[in-house]
Amino acid sequence: GFWENTDISSCYDATGYGPVFEDQPVDTIYPEESPEAKITMSCRARANPPATYTWRLNSRNIDQDEDNHYTLVGGNLVISNPIKNKHVGKYTCKATNDYGTVVSREAAVQFGYLDFFSSEEREAVYVKEGQGAVLLCAPPPHYPDELSFRWILNEFPVFIPLDKRRFISQTTGNLFISKVDSSDSGNYSCFVSSASIAKSVFSKFIPLVPLAERPIRKYPADIKVKFPDTFALVGQNITLECFALGNPIPQIRWRKMDGELPANHEVSMAGAHLQLYHVQYEDEGTYECEALNSKGKDWHRARVSVEAFPEWTESISSTERDISSDYTMSCEASGKPKPHVHWLKNGYPYDKHDLKFRGLTFEDSGMYQCRAENRHGVIYADAELRVIACAPTFEHNPVKRRILGAKNGRVVLECRPKAAPKASLSWSKGSELLFNSSRMLIWEDGSLEILNVTRADEGRYTCFAENDRGKANSTGFLSITEATKITLAPSNADVTAGESASMQCAASHDSTLDITFVWTMDGRSIDFDRDGAHYERNPNGGSSGELIIKNTQLNHSGRYTCTAQTPVDNVSASADLVVRGPPGPPGGVRVEEIRNKSVRLIWSSGADNHSPISKYTVQCRDWFSQEDWRDATTSPPDVEGNAETATVVDLFPWTEYEFRVIATNTLGTGDPSSPSPKVTTLEAVPVVAPSDIGGGGGTSKELTITWTPVQPQYYYGRNFGYIIAFKPHDVYEWMKVTVADPEAKHYVHKDSSIPASTEFQVKVKAFNIKGEGPYSLTAVIYSAQDVPSEAPASVEARALSATEAIVWWLPVIQHTVEGYQVMEDREASSQRVVVSSRENQTRLENMRPNSPYLIEVRAYNAAGYGPPSHHFQIYTKKAPPSRPPKIISKKLKGTSVNIAWEHVEPLANESTIDGYKVLYRKAGLSTGLLYTTRKRSIDLPMPRDGDCVVEVRAHSEGGDGAVAQVRISGKHQSKPLHPSYMTVDSTKDPPPILYDCRLH
């Protein structure tokens, strides 16, 4: 065995250990077309002495001499130029040193490939518009099974987008179109990718030809992609697929038949994917997808079963055990199915089912592995068992040379030699052998305890250890010091929150020892670094450990303990600190006895923080105020501090409320309680009537009634609406109608017998399921007027230019006329101008040049338009000249400048020129001096400073023509600039034509 003729079973070998894996082989897929012609299987173990490695393929040892494809690099196995039928299989690595052998997990080597699609042409698919279509992918032979699929449309890399109408199954690769339309026409190719070998291939193109059909027929939902019964492992993510054909496009709905869908689910791909993340056992069950449209529905169900990879619930760890002792090594694993557990020792199967050792021997030493396996995988747990035997030794753990004990205290002298088997222990003081007594006790582990020590106990103490392999002893000296005593203990303190408090603490101690003070609050050590904002030590130090508590808070109340400690002993004293402050929040607020305008509130008092609670304040908020809390009205109005209930009054009926309670004492008001559960008050008859009753006007034979709706908080109940009552002022009986819309603002009563402009009395009240509320104040309104009965007379019109005309008429003598509508008709288009009843003429603008128009005028009021006047026809003038004048000269004449231009010849469809308009203005201004002339030149005064602009345009009966501009500078320049011009369309807003003329 590993232990024969060696001494590594002794107690003194502290550095050696057996192999522990740091890197193990993993499943590997080698692409058949890989440019790197080698496979590397990793194996590395930490071991002392270093491990040696061997490999096995399918349980047979690999001999590098027999197969030169294999090379060992460290512990790694390198397979050069691998051959598929020779090197595929399951590999394991063994790591061995003097302490034993461990076997790695199995790792499979497989060759990955993805063949090309067949070169045969794919047949065209013909589908009627509105029907569903399925394009088959039929992926080529491949390994591994995991592929991803996309489809190309017409050319690479144009991939079809996926939506609720189109879906690609990642199981089969098939493309599904729920409802084909004309836009789907094209050539389709299935694009297949294997992530494992980084390769993609695509099929020959499949023509898809939609066939027109009118009308397009509709089809019920028909599920074509159906997820199968599925196994999932705990912690895995899985995707269930479901897609249906149909017109209209079906909707997909998912459910779990025996409960709610798992919280960790997500529906994607327009409903076609149900993804379950981090699957758990409770996710197991039957799942259903339902597809439905307006023509029908379909459904599919399948089961998801959840199993689990093995997982250790009890494992093993390396240990040293004494020879001849008993020891049990056990491991347990969970999983589904239940894993089978068996053992390996030094890489070989171990025939024991449970490792219960009775009287360990050196042969039991070695590397042990526990192996748990179910159909989903294998896990290993490794441990080294080392059986040791040696005579006692204190080499690594002698008795302390100097032991200190405090006078009148307790001292323990430890004795812990290394020995196998376990040694028997005894003690002596000097030459005197010690035995158990009232003051001295030798513990089972060999430690010596002495109680109430005195100076007489000082001296040399020796521990003796002996087993069947030898003896050893170790000696230490016990010295007695003065005991530590509290000389100034902390006193109880009582402060108000925000004040500071001081806790005194001083102690006497042996002068040869250092002393430190440790403070705790309710048993927890005070961290002066973290809590420095509130806790501070006395800066003088020494034998004083005073604690200062600054800006005390309520949570600083508690029991403070000062512990004075030396390396030998410690002593403690405690005191209580009371921090008084405003009360804490009340608890358990709940609502009982709910009525329509009141509820009874119950709570439990919170902490009074050492100052009695004097009163409570109840606050509420309703659905309408949202986040705004307000003080509630209570009965009695003042809630005493010893109360734990109150009635809240003056609430709105049929309103959702939540409540909270705030406590107050002499030191202030505390934080509010958590809100109560939301409750809704009972319904009641409404008491608020609509306001601002009015109306009148409208179309003939109508009575329009308006009001301001009641605010929702005053509905007081379900089925809220309005009752409208109205009658002519001289009639006794009221007519009533009901409006069920709570947000309604008006009601129009239509009756052919209603006389025009008649006085009515109107009132409105609210109602709900509980009854009717009070009426509003009665308002007086008038029924709608009749439309004007007469047409305007003597309508005439005249064209002013190519785009404008003026219209006038004799007004209608009726007091109900509110205004006039003037309509101009030109061929198929018309436009309207509205003026008030005070006007009897208006201008028409934006008309077309040289065009006929029919003009009519109507009187109108709120009831509508009266009869039209007779038609009056006019023709607009021809358009003004479209070309600007061409400026031909500008001459300086003393203090003036002469501007000259060529005559503008109008086109055939343009008006004859009557003359010219010249605008003389400062640069940057839009107004200036306007001159008119029939000449072709003009003298203008030279500007004294700055620039002026001269605008020249032809004038005709059709209006003003296109403009030419010239700039005149008041500054002297060296030479003039020649003018330029451009032609513009006079029917549009032309850009100004700029001439820059600088004269000297």
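All residue numbers here begin at 1 and follow the chain in the order shown.
A Cβ is built for glycine as well, from the same backbone N, Cα and C atoms used for every other residue.
Automated prediction, rather than curation, is the source of TrEMBL annotations.
As annotated by TrEMBL, domain 'Ig-like' applies to 19-110 (among others).
The domain 'Ig-like' annotation in TrEMBL covers 127-202 (among others).
Taking H, G and I as helix, E and B as strand and the rest as coil, DSSP gives the domain 'Ig-like' (220-305) the counts 6 helix, 55 strand, 25 coil. For 220-305 (among others), the entry in TrEMBL reads domain 'Ig-like'.
Among the features that TrEMBL reports, domain 'Ig-like' is placed at 310-386 (among others).
For 392-479 (among others), the entry in TrEMBL reads domain 'Ig-like'. Averaged over the domain 'Ig-like' (392-479), the predicted model has a pLDDT of 92.
The domain 'Ig-like' annotation in TrEMBL covers 484-578 (among others).
Annotated domain 'Fibronectin type-III' per TrEMBL: 585-684 (among others), in sequence order. Residue counts for the domain 'Fibronectin type-III' (585-684) under DSSP, helix first, then strand, then coil, are 0 helix, 48 strand, 52 coil.
Taken from TrEMBL, the feature domain 'Fibronectin type-III' covers 689-786 (among others).
Taken from TrEMBL, the feature domain 'Fibronectin type-III' applies to 791-879 (among others).
Helix, strand and coil content of the domain 'Ig-like' (310-386), in residues and according to DSSP, is 3 helix, 48 strand, 26 coil. Note: the stretches the domain 'Ig-like' (310-386) and the domain 'Ig-like' (19-110) are in contact (3+ CB pairs below 8 A, sequence gap of 6 or more). Residues in the domain 'Fibronectin type-III' (791-879) partition by DSSP class (helix H, G, I; strand E, B; coil) as 0 helix, 50 strand, 39 coil.
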